[in-house]
Protein chains: 6
Amino acid sequence: MRPSGRAPDALRTVSLETGVARHAEGSCRIRVGHTEVLCTASVEGRVPSFMRGKGEGWVTAEYGMLPRATHSRGDREAARGRQSGRTQEIQRLIARSLRAVVDRRAMGELAVVLDCDVLTADGGTRCAAITGAWVALHQAFEHCVLKNLISGNPIRDQVAAISCGLWKGEPVLDLDYAEDKDAQADANFVLTGKGGIVEVQGTAEGAPFSDAQLAAMLGLARTGTEALFAAQRRAIGR
Amino acid sequence: MRPSGRAPDALRTVSLETGVARHAEGSCRIRVGHTEVLCTASVEGRVPSFMRGKGEGWVTAEYGMLPRATHSRGDREAARGRQSGRTQEIQRLIARSLRAVVDRRAMGELAVVLDCDVLTADGGTRCAAITGAWVALHQAFEHCVLKNLISGNPIRDQVAAISCGLWKGEPVLDLDYAEDKDAQADANFVLTGKGGIVEVQGTAEGAPFSDAQLAAMLGLARTGTEALFAAQRRAIGR
Amino acid sequence: MRPSGRAPDALRTVSLETGVARHAEGSCRIRVGHTEVLCTASVEGRVPSFMRGKGEGWVTAEYGMLPRATHSRGDREAARGRQSGRTQEIQRLIARSLRAVVDRRAMGELAVVLDCDVLTADGGTRCAAITGAWVALHQAFEHCVLKNLISGNPIRDQVAAISCGLWKGEPVLDLDYAEDKDAQADANFVLTGKGGIVEVQGTAEGAPFSDAQLAAMLGLARTGTEALFAAQRRAIGR
Amino acid sequence: MRPSGRAPDALRTVSLETGVARHAEGSCRIRVGHTEVLCTASVEGRVPSFMRGKGEGWVTAEYGMLPRATHSRGDREAARGRQSGRTQEIQRLIARSLRAVVDRRAMGELAVVLDCDVLTADGGTRCAAITGAWVALHQAFEHCVLKNLISGNPIRDQVAAISCGLWKGEPVLDLDYAEDKDAQADANFVLTGKGGIVEVQGTAEGAPFSDAQLAAMLGLARTGTEALFAAQRRAIGR
Amino acid sequence: MRPSGRAPDALRTVSLETGVARHAEGSCRIRVGHTEVLCTASVEGRVPSFMRGKGEGWVTAEYGMLPRATHSRGDREAARGRQSGRTQEIQRLIARSLRAVVDRRAMGELAVVLDCDVLTADGGTRCAAITGAWVALHQAFEHCVLKNLISGNPIRDQVAAISCGLWKGEPVLDLDYAEDKDAQADANFVLTGKGGIVEVQGTAEGAPFSDAQLAAMLGLARTGTEALFAAQRRAIGR
Amino acid sequence: MRPSGRAPDALRTVSLETGVARHAEGSCRIRVGHTEVLCTASVEGRVPSFMRGKGEGWVTAEYGMLPRATHSRGDREAARGRQSGRTQEIQRLIARSLRAVVDRRAMGELAVVLDCDVLTADGGTRCAAITGAWVALHQAFEHCVLKNLISGNPIRDQVAAISCGLWKGEPVLDLDYAEDKDAQADANFVLTGKGGIVEVQGTAEGAPFSDAQLAAMLGLARTGTEALFAAQRRAIGR
């Protein structure tokens, strides 16, 4: 039995709420169990300088965690004066994941910044951020279509992410914090609505894992992202 | 007529919701009109080194704003690598204001960190932060009493803050963003439940103001904080 | 009796000496008791980028303290790698105070940087900085008129600042360091020659203070700034 | 045909040279084709503070690239004042990979810092760093055994890393720079001598990839790491 | 004829004034022509951690320049967030120069920090700083003797510094700013009262210089430092 | 007898190897005894902004040390977030030394960055860096001539550097680390092929030194640089 009492393939309760940030072009509050991430998409009039004149858009991401999102208070990165390696790694992952499903030619030279701020952390924050950011990005592009900034929504597919792990040797879906800290392995899968793999990041925490265990975790992840894709579609009204 | 259409002495709708941060010893989400600030109070086992051995506690504060809390996206301070002068000024104000109503001797050598993070900004964020932080702090101290860390709640009075301004020469209460940016003067008042002044910060934006105008703004502020004190008492169940 | 032995409404000896910085367009060394601040005004050919093309000038300020201006040596901010929150708060205050009496339209697109460096600190450094900076700024504008950079001096009024405090419940004028550290309240008033209030910053250090005490401190501040205005006029030769 | 003209499963020429850093307890210069990384292992008398008193050792890593290791000169991170997100991501990966094969209980409270500095970059620098760092770490532990700091070498298995990619849809082994920048997908595999997976990091650069393609890349990686393990054993004289 | 009109071996007017910083244990304002540096010596109760338990003292130095000490305003290093290479080079030189004439065994485990802040710059600021810092340090040690912190003044010799240069091929003493910027070579000599060389730093700005020119500049420097030594002795009342 | 057993005027074994950095326009690995420095010269299409439009080129340098180049591991400057004063001092020296022998008018508006990275340190790293950087720079300029970026090699003379010291009062050439740390004085001489002095930096570590000792060290330095000039000529094939 895993610590949460969930079945190995059971996802936590997921909710996606849009339009939660008054000023942003797109926004989504995602809750996966107790994990809660506020995702906003901000449309900016121009791409960064290294992208100018290419006729393409750009999507970037920033990630943060409120100091008391966690069990014990963490340092505020703004006060410490720099973002941790973990933060930078996560925000690079979020941006790559979203760019994988956007036709940047169809964006023109617009840029979108995705801000993913963790209000409460209980495991799986980077995966929740990706899943929620997709909804915020979709909403922001719809806004751009309405404003005639672009002629159609440049999103070509859905993208969502979920973590899997090995608990006492058995693959389990969607680790919460208590499970994550004792799991033998932790793997994050970023998958597309059409079934492709955008990103796999698997790490053995204790003993290395096998090819079969990797494949089993990938299988569970597909189950999980199917549910997430359905939730995303509901959130955008499809 | 002021831009918001409110009467000169009308406060925006205020709500204070406690227990909103799963992990924090105390928390309060305050909404004043569209301004929304999440305040958490984190109890730490020991005071900073300059306070050790004095038999007194310490209360400090940090303030942040989500990048898209504002009309156009602002820089993330963690990414820029430093907190702005404005941020530092505000977090020093919040901490001073709360310390003014705490009997630090009665805290023992505990420390409490107040984190005030602005989710949506529409004027008055520093005042909302102080008002909400008081509730979070109260809740955190109640938690400490229950855990037998301290023998009684060391809060000696209520404290709340409200901004006033001069609109076309007339004093008005509780400026929202649209009013604030065109006001002739902007003054923040931090007042206690027993009627004392903890902090006054008045700034002329255009023409200087008069003694009578300062007094009139202080009078409006008292009206406003009376309503805030009542809301705080409801929030903590008194 | 207050620690300095002065009467409640007695200002310390004030001197303002101009032309003390060989290279600067304007400069003033202000001494208020033992507090000594060197203020220079540097005219720069162009405004910061966010001000360009508006046909207006800009006035900004920087504040520093020599490491051994104080009783025990303080860190050098350049060595520590960042300015403290206190430093940033003060330099923002100085700049706002001076801009309040300058007709920025009449400056054209010139910028002036006011540098206020504390050589010796004995309380009231921010107030001395504002009072001295006004003289340096005036001198710099006179220089610009002589050089035909502007057609007339864009200063529209005098501005000066003084601190007041509550000592054993009684309002007193112009706190020195020994008084400041034990005062119950500390308030800085930035006032104009024509009698307007530019900035009020009052902070209760111990018990909160009353409306009457605030009004009494404001009254004392007027007495103090009258003397400062006279000294400023003598310094600029009026 | 892939750009390098190599067969899909062909590794570049690999050499591992030990004892190349005069002062370090362990060192290895690894060359994989034109990629060249200098790895040193430095034994430090004590673990970081968060590890003290646990009776366990610690292994950490730092990664750097000489400014002209690359085609066009890159910024020196020391001059820019911070390590990039990429650098931090890589050094965290190197450290995790090595810790996966070390029995930290058997280290006592020693710490080892692995420095991996890229002298020439032609793709696969993080994989080369892991593979070379293992040899440097092994040599450093042998040194500790000789000095009677520990009773036996705490390394329990080999660990090596190799990249694979998709080139025109086909899986290929060991991408050089020219291949890497145009590949559809790039995956780094960190594998152990006994066949376990320590880390998988696969990223789609263009179109997402399939489960079968991931499995094929993992198969190629095993071929590649077998050759790397043999080279490591020769380097340590087994 | 050199730009200043001075004879090749003519020093500018030098004045050394002590006791100029109210709070410091030792202080000296040195003027060499228009160059003006405020030097303070702060006695600290304990040496830095790397020196503890050795029974020796430590002398360190910090150097700064007020932003408008120069013809055109320079950046404030505290605002820019770091000290320039030039600043660090100079403060290391000042500290080495003073340590060369102090018997650190005779200091006990006291530390002295020398702060040298340039109020006006007209060439030769680092040399003036060294010459003035010696007087401040001497005064601080006398203070320590009076307070029974040490049994005798640990200064064993005088130390002073002067720049020389090549002007149209001819060696000249004590360059001012106008001369310095067009000189072919610039050399700083730090010499002791007993005739020894503590530091030589000679740099060709245009064409390299010869052994004979170096020797001639050293000869001029001795002339200059003799006058500086006499001024130092007068300043300390010998 | 000096610690190394070498005669007072004996240089360590010197080797200069060119073309060691695959991507750089010029490169040289210099070994002086155990000291080993990798020097690369990178040609950049344009000069820094303060040099634009002057029709002249620019040469700058950066210096670094691998963390384990030294006996005990040093901090990585990129991780610490800033370059030390020593690093900045050295890279300024390298750049000045090389600019002294380049006709910058003949470079056009090209810039060259010299990167000198110490792989192993055993004393004299800054001198080795200068000597090796000259070879790398020469090679880079030859490359520019071949590419028709400039019409001829703008190097007008050779430049090399060597340290000398006082060992038990006697001048000795080319200090290694063991000698350097106990020497009474340490002097670095940067000399040109035609016999001029570009830079002299002499520092007394213990007792001050005399004019005669300075002259004797300069004499030894000439012996040393003659050997270095010959090695440089061989390295560039003259």
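Glycine too: its Cβ is placed from the backbone N, Cα and C atoms.
From the candidate list F:R80, F:R82, F:R86, F:R156, the residue TrEMBL records in the phosphate site shared with F:G124, F:T125, F:R126 is F:R86.
Residue counts for the domain 'Exoribonuclease phosphorolytic' (F:157-223) under DSSP (helix as H, G, I; strand as E, B; rest coil) come to 19 helix, 30 strand, 18 coil. The binding-site residues under consideration are F:R86, F:R126. Their Cβ neighbour counts within 10 Å are lowest for F:R86. A distance below 8 A between C-beta atoms marks none of the binding-site residues from F:R86, F:G124, F:T125, F:R126 as lying next to chain C. Counting residue by residue with DSSP, the domain 'Exoribonuclease phosphorolytic' (F:11-140) contains 45 helix, 41 strand, 44 coil. Take the CB of F:T125 (phosphate binding site) and look out to 10 A: across all protein chains shown you find 26 other CB atoms.
As a whole-number mean, the pLDDT of the domain 'Exoribonuclease phosphorolytic' (F:11-140) in this prediction is 96. If you draw a 10 Å sphere around the CB of F:G124 (phosphate binding site), it holds 25 other CB atoms from the protein chains shown.
Neighbouring residues of the recorded phosphate site, listed in sequence order and excluding F:R86, F:G124, F:T125, F:R126, comprise F:Y63, F:I90, F:V118, F:A121, F:G123, F:C127, F:A128, F:A129 (Cβ within 8 Å of the Cβ centroid).
Among the residues the record lists as binding phosphate, namely F:R86, F:G124, F:T125, F:R126, the two farthest apart have Cα atoms separated by 13 Å.
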